Every structure is written in C-alpha cells, then in structure tokens.
Amino acid sequence: MTNLNATIMTAASARLSDSQDSLSSEELRPMGALPLPADAEVRIAGAVREILEALGENPEREGLLDTPQRVAKMYLEVFSGLHQDPRDHLKTQFSADRHHGAVIVKDIRFHSMCEHHLLPVYGKAHVAYLPAGGRLTGLSKIARLVEGFARRPQLQERLTDQIAQGMEDVLAPEAVLVVIEAEHMCMSMRGVRSPGSTTVTSIARGTWLRDSAARMEIMSLLRS
Ligand SMILES: Nc1nc2c(ncn2[C@@H]2O[C@H](COP(=O)(O)OP(=O)(O)OP(=O)(O)O)[C@@H](O)[C@H]2O)c(=O)[nH]1
Ligand SMILES: [Zn+2]
C-alpha cells in the first residue's frame, strides 16, 4: 500500500490492550470459536428488513425483496471467523532440522469489518517468525490464520495482536512480528472522509521484542 496519507504506528509491544480495559479478557473477546445460533440467518434477515423500513424504504419492492436474505448470507460469510478457531490451521506442522532463520510471509491480503461501524477494513498483513526447534507450519496456514481472525468484527490493533498470539499459542516460536497496513472505510466513506489514509499496526513478541536491532532488520525485510 503506497498511499500513506496518514499513518498510525503502534510501537512493538506486548499485548496491547490488556491493561487498558477489562473488556479485553479472553472471555469477552475469545480467540476460539463462538457457537453459531441455529436461527442466525433468519434473525439477521429480519434485522436488515427492519433497517430498510426504518429508513423509509419498502422492503417489498422488487429490488429489495431478496436483500435481507442476501445480507444475512453475506454477514455469515464475512463473519465466519467468529465460528472457527483460526489457530487450528497452524496445527499442520513440519520439522526442518536445517532451517534456523526467519520465515516471512508478506502481503497477505485480507478483508475485515470494523467493529465500531460494521464497515470494511482491508489491507495487507505481514507475518514473520523465528521457528523454535525447527518447528514450521505451512505458509498458506499463516494466510488462513490471518483470514480467520480478520473475518470477525475487529479493531486493527486486536487483529494484529490475535495473529501474533495465535502464532505463539500453536508454534511457540522464538520470535514473532506482525505488521498490518489497512484502509478503514469508516474513515473513507463517512465521518472524517479521509480516503486513502492507511493505518499501520505492529506487534513484536519473543526475542524480537527484546532485541531492537533484530526487530528492525526483520521490519526492513517486511518493507523491502
Ligand atoms: N483504534 C482504532 N480505532 C478504530 C478502528 N476502527 C475504527 N476506529 C475508530 O473508532 C472511533 C469511534 O469513535 P466514535 O466517536 O465513537 O464514533 P464516530 O462518531 O462514528 O466517530 P467518527 O468516525 O470520528 O465520525 C473512530 O475514531 C474510528 O476511526 C480500529 O481498528 N482501531
Ligand atoms: Zn469504523
């Protein structure tokens, strides 16, 4: 993403928001799967119909007739990450006894939804890790991890944190670095109307949290 009108860089840190408010607990924002109510689609469609009526629209007119159903299916798709544990993808593992360097997967494109406005957030995630004991996962599994956490109502900071935590939970690497660059439609198409501004967040864990020179080296590889 080259159009950096506005950039917010969070410092490499341990869990970002744990100390800031009690809502960040695992109970309230679980990394794992939430149950999907059996009547989810019907209820979402009913709510969408209500919104259309509240706007003064006629949900019975031809163009809107199937819209509540379509939106319900769309929400179940874009929020499908709520009903899986994205960490499960990382259980596909290999051992490589000769590779001891960093593994970097750059430019993982993702789409998410901002939890404040339920508008799209889209961009790229870059994930780097230093395998411990030669323990590797499949490269596509890292992209699946990103997609799983992205397909939830999210904050960009939490998305960054959950990806790093997921890597730690399953692979226990020596170090992890996650950088996300994204555009928030709630800043582009409404409110402040600042199209093209990009938010950048980063989290470092393990040796890359403590060793700033090593962290900067990986960061420069991510940005090259
Ligand atoms: N830190 C952070 N803020 C976000 C994210 N997504 C949206 N926001 C912000 O959340 C804030 C919500 O602010 P509010 O004042 O409650 O809502 P609002 O009146 O719609 O705010 P405006 O967008 O400024 O019009 C806004 O500043 C958004 O830009 C995110 O991923 N991380
Ligand atoms: Zn928003």
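Including glycine, each Cβ sits where the backbone N, Cα and C put it.
Feature annotations, courtesy of TrEMBL:
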- CYS114, HIS117, CYS186: Zn(2+) binding site (BINDING)
- 45-222: domain 'GTP cyclohydrolase I' (DOMAIN)
Cβ packing number for CYS114 (Zn(2+) binding site), 10 Å threshold: 18
DSSP state at HIS117 (Zn(2+) binding site), helix/strand/coil: coil
Neighbour count (Cβ, 10 Å) for CYS186 (Zn(2+) binding site): 16
CB-centroid shell, 8 A cutoff, Zn(2+) site CYS114, HIS117, CYS186, site residues removed: MET113, GLU115, HIS116, LEU118, LEU119, VAL121, HIS184, MET185, MET187, ARG190
